[in-house]
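A.B. asks: Provided herewith is a single structure, encoded as structure tokens, for subsequent inquiry.
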Amino acid sequence: MKILTSQQIRYVDAETIKREAISSLELMKRASTAFYNWFIEKYSNKSTSVLIFSGVGNNGGDGLFIARLLHKSGYSVKVCIVEYKNQYSEDCAHNFRRAKAENISIIKIYNEDQIPDICKYDVVIDGIFGTGLSRDVTGIAESVIGKINESGAKVISIDVPSGLFLERKTTFAVKATETVTFQIPKLALFLPENNLFTGNVTIIDIGLNEQAISESDSNIYFTEKSEISKLIKPLNLFAHKGTVGHALIVGGSLGKCGSVCLASRAALKTGCGLVTAYMPKCGVQVIQINFPEAMAIEDRGERYISNIDFEIKPDAIGIGVGMGQNEETKKALHDFLINNKVPLVIDADGINILSSNHNWIELLKPDTILTPHPGELSRLVGGWSDDYDKIQKTRLFAQKYNLIIVVKGAYTLIIDSENIYMNSTGTPALATAGSGDVLTGIITSLLAQGYNPIDSAKVGVYIHGMTADFTTKSINPRSFVASDIIENIGNAYNNLEKIR
Ligand SMILES: NC(=O)C1=CN([C@@H]2O[C@H](COP(=O)(O)OP(=O)(O)OC[C@H]3O[C@@H](n4cnc5c(N)ncnc54)[C@H](OP(=O)(O)O)[C@@H]3O)[C@@H](O)[C@H]2O)[C@H](O)CC1
Ligand SMILES: [K+]
């Protein structure tokens, strides 16, 4: 699904109206009804009292339409119009007149004293500004947003939290508990620094014209289940372990051999036929006892890798987990990169070693996958001033070296030289020791099975996140561990195959 800018959203809006021969009011009705349906499912008790803050644009129009729908079905509703300017949009003005005629309690707010006691209401709906925000919030809108945030009330924002900029850093906006956004994902809703404003984000369909969306020129995508599901390769009836890919995991050092066990196990559970772990001597017994399905090759180093040398012919290699940064290990990585021709995933200390030897990055073959967490990324591409800057710097880095960078975190980003893919699965449960090692194993396995590098990264990150989504009820996120990811890879496949 494409992620669009506010200007592109306006275009899709206008095109939907034109191509489907509907009025703008009809489109507002679709959006408001979709929001209303979401709301009544969540708050089915009609004694829920609702305070709605509406602006004077179309976001405010949605707020008023939603007020009418809720009032009609028996909820107790009060509307406050935040009149930050006296020129209402046509559809907002229409809904204002209708709401008044339907005897909904409405007041206009021009100064702070008129703001009601927000805490007295069960839920606040925020419809002050939407995607039309074009400048910093001041005056009465600023005061109202300040009061909403102070109140500690449960706040549901319509489309976007009021005050949130879609294309630049936001410092002041409604701090929503939930944001219910209309059909098109907006980048700003999924950036870590905006989580304070967005709360939990839900995307709802409002029947925008799909053709107009697909014509929009965007290279930022929100990964969807249907798309990932289509990428899953079917099983071959005549497959045997030698035909479905051989993954090699290179890593480990004294005290950090578990990372290789996790990555290797994840690789096999993701479906490649063979997995070999390449480890220092101290790691070989560890993996053989813990994970008998894996084969192991011993490095000549006792406690850390000192010379990467093997005779097998793997289809993909994942390197770096638990590897440490001993000088001999660094040299071993350098020499390995000079000769390597196999599709590669680099993680953890592998990335750190590259960060401190920047000219080695040029040794990487096109489409090598790097999977940094934010700390590793900042060492690799330099610091950033905000999330937009982080994305821009990572994009330039990916373009310069022709690499695929998996920026791990909530809504992991997969950035290559052309596109950005934002992953839509996962929960905070994934922030646990070994989670990154497992991801490396999953992606390496997919590469070994013949998925192209960008699909390996997209599918791998998606499956990794899905395992946490499934288990939110059965395993409390606090006690979810990396092995739980591995145990649920099969369930993720089942779930993806179900919708094919
Ligand atoms: N396709 C969809 O998703 C649909 C979305 N809908 C809803 O429409 C809004 C967007 O509505 P819009 O009228 O374009 O904009 P807003 O309601 O966000 O803002 C209204 C006007 O406010 C002015 N503005 C901008 N920034 C400020 C500010 N800081 N202070 C004061 N005023 C400001 C601006 O007008 P100017 O001419 O003064 O610049 C805005 O136009 C979207 O979010 C959805 O909720 C439709 O309902 C259906 C389809
Ligand atoms: K809003």
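Residue 1 is the first one shown; counting continues down the chain.
Note: Cβ is positioned from N, Cα and C throughout, glycine not excepted.
Automated prediction, rather than curation, is the source of TrEMBL annotations.
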A.B. asks: Say TrEMBL lists Lys408, Gly409, Ala410, Tyr411, Thr412 as binding AMP: which of Gly383, Gly436 is in the same site, per that record?
C.D. replies: Gly436
A.B. asks: Just to be sure I read the record right: Asp126, Ser162 are listed as binding K(+) in TrEMBL. Which of Asn58, Asn59, Asn219 is listed for the same site?
C.D. replies: Asn59
A.B. asks: If you measure every Cα to Cα pair among Lys408, Gly409, Ala410, Tyr411, Thr412, Gly436, the residues listed for AMP, what is the largest value in Å?
C.D. replies: 14
A.B. asks: What is the total of other Cβ atoms whose distance to the Cβ of Asn59 (K(+) binding site) is within 10 Å?
C.D. replies: 25
A.B. asks: According to DSSP, does Gly436 (AMP binding site) fall in a helix, a strand, or coil?
C.D. replies: helix
A.B. asks: In whole Å, how far is Thr131 ((6S)-NADPHX binding site) from Ala410 (AMP binding site) when you measure between their Cα atoms?
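C.D. replies: Checking the Cα atoms of Ala410 (AMP binding site) and Thr131 ((6S)-NADPHX binding site) gives a distance of 23 Å.
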A.B. asks: Measure from the CA atom of Ser162 (K(+) binding site) to the CA atom of Asn58 ((6S)-NADPHX binding site) and give the result in Å, rounded to a whole number.
C.D. replies: 12
A.B. asks: Beyond the listed site residues Asn59, Asp126, Ser162, identify every same-chain residue whose Cβ lies within 8 Å of the center of their Cβ atoms for the K(+) site.
C.D. replies: Phe53, Gly55, Gly60, Gly63, Gly127, Ile128, Phe129, Gly130, Ser157, Ile158, Asp159, Val160, Pro161, Gly163, Val174
